[in-house]
Amino acid sequence: MTAGEKRTSEALDQPESKKVHVERGMAAIKPEFIVQKDRIVDSFDDDEAEGGERGVEEGKSGKGGKKKRRGQNKNRDLKQKREEIRLCTSLLDPDNIKTCAYGPEQCRSTHNVEEYLASKPVDIEGICPVFRAIGYCPAGLKCRWLQSHYDKETRKLIKDLGRTEASKIELNYEVNNVSHEARGKLRKKQYDFAIAGKVIEYIDSTVQNDENIANAKEQRKNNEATYVDAPYKIAEKKRLDFRNAKIVSPLTTVGNLPYRRLMKKLGADITYSEMALSVPLLQATNAEWALPKAHRTEYPGYGVQIATSKHWAAAKVAEIISRETEHVSELNLNCGCPIDLLYRQGQGSALLEQPARLVRILKAMNASSGDIPVTVKIRTGSKENKNTAKTLVERLLAENDVAAITLHGRSRQQRYTKEADWNYIAEVGQVVQQWNDKKEENKDSRDTQRTCFVGNGDVFSHVDWYNAVNTDGIDSVMVARGALIKPWIFEEVEAQQYLDKTATERLDILKTFSDYALEHWGTDEYGVGLARRFMCEFLSFTHRYIPLGILERLPPKINERPPQWKGRNEMETLLGSTDYKDWIKITEMFLGKSGDDFVFTPKHKSNSYEKSN
């Protein structure tokens, strides 16, 4: 299949299922699987997946400078368990003992290996997933599966160097680790922004306030005689082609590295980092610089998404990423996040109301990002029933060299209470297609990169996906909630049919996520706690999948709310449980028994389902 070729799904031509009368907004469950008809499963606020804990640039947003807690359950405890007796990191590997920076007497961690090993809880059964994957375990003596790679007689760690070399060939490693030196210069404000400095100076000189726009034409005439070219040259960009690409949306918290790696294994072509905030990046915050990291298998096809409200910050971040990372395919500007805190700071969807500022930010990014192309994600508008994306896209195409535009078919105000407007997405797609056609006709611009257009919203099956990509003007579809609730959605797209995964197959997917999570966060007590927490976050979406075999009609709709149901076996029922305590039980199948002090409170509450009329 060529890049621009449209594919058709055989499933689209299949006859409709037998009509079943079901109240609007309700999922049609076969009667024998309904447990309690009058009890409706809780709905969820999926906007939190776009904002999550993000949004506090300075770290001070509440009264008294305290950082506000994001999410609807603001009292949830995010602290992870630490060991009561901690082993000094200099002693993790008995074969490679390092010098402790504090010395045995001053160090807060113990230097008594025997005391530490005696204090550890009983090892989790089985083989350490990290040792199995890469031939050694970086957690060393702290590993919760220590017995699988530790010789008690020699008191040394077991290492499989052959497996280590094989893992490198298999591209099983993480990339985009910004050096301590570069982050140190950022922290001390000593980083040399050779390109961004010129870009910022030039854009500052051209800034006009929106209120003076009426005088812009006259002012432009006066400036024609003194016009000066920009003091920088934009580098030639990598080419992007999103036609028919399987794209996973940027997602905060749940869109972490292990999840993205899982999605690549399940057929995704393009993934994005969690949204990174520009100011914390410039402040060299460790937590923020962890976000652009990726697994090697994500590249090519990996984008870093940033949020900002200032062109100077955008320029600097773009230059840092282009200079300090080697595995980034695109830089994506978030103009769709609806979270109030970001909106009040002028970031995310607030930029939809400030097109002049948005244009400046994109210009700054494009001029400072080296060969990395710049893309943007927007919504239909800020207010409900007032679509502005069409006008905005026309301006972006005319004033910027944007490699791709993604449109989420909802306004900021609308959120997830109604279905995405794919008719409007198609309208905007026509604008982009006409723009590309004009460029093709113009011999001077024929060789320049075409602008890709991607739709986003409510895609939950191969039928939804093909309905979208078979629409003129739409190059591909970005999938968000659909890929969280049903991670194998791209396998359905490739097979062009529904895949009714069994409980065992779904457990295999969770097992893979668990292994990837441990490789990323580590197999010590702290890493296992993080893996468990993020697995619970993942389960807060996957439990919403309703097995096809218990539905009375197809296609399934992502916004439909089911009555309380039971599965075809006990495991399927457990995987569909809305009780977070059951989610913790599921994690224990892969991560061992959780401690009594482990608490997980779901971040998402109600609202994402369309209210029935």
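The backbone N, Cα and C atoms fix where each Cβ goes, glycine too.
Residues annotated as active site, proton donor in Swiss-Prot, with similarity to another entry given as evidence: Cys337. Using a 10 Å Cβ-Cβ cutoff, Cys337 (active site, proton donor) registers 27 neighbours.
The compositional bias 'Basic residues' feature in Swiss-Prot is assigned to 63-73.
Feature annotation from Swiss-Prot assigns region 'Disordered' to 1-24 (among others).
Residues or ranges marked as region 'Disordered' by Swiss-Prot: 40-78 (among others).
Here the zinc finger (88-111) has Cβ contacts under 8 Å with residues 138-142, 155-157 of the same chain, all six or more residues outside its ends. According to Swiss-Prot, the feature zinc finger maps to 88-111 (among others).
Mapped onto DSSP classes, the zinc finger (128-149) shows 12 helix, 0 strand, 10 coil. Taken from Swiss-Prot, the feature zinc finger covers 128-149 (among others).
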Chain residues outside the zinc finger (128-149) and at least six past its termini with a C-beta under 8 angstroms from it: 83, 87, 91-94, 113, 116-117, 120-121, 157-167, 172, 514-515, 518-519, 522-525, 527-528, 592
DSSP residue counts for the zinc finger (88-111), split into helix, strand and coil: 3 helix, 1 strand, 20 coil
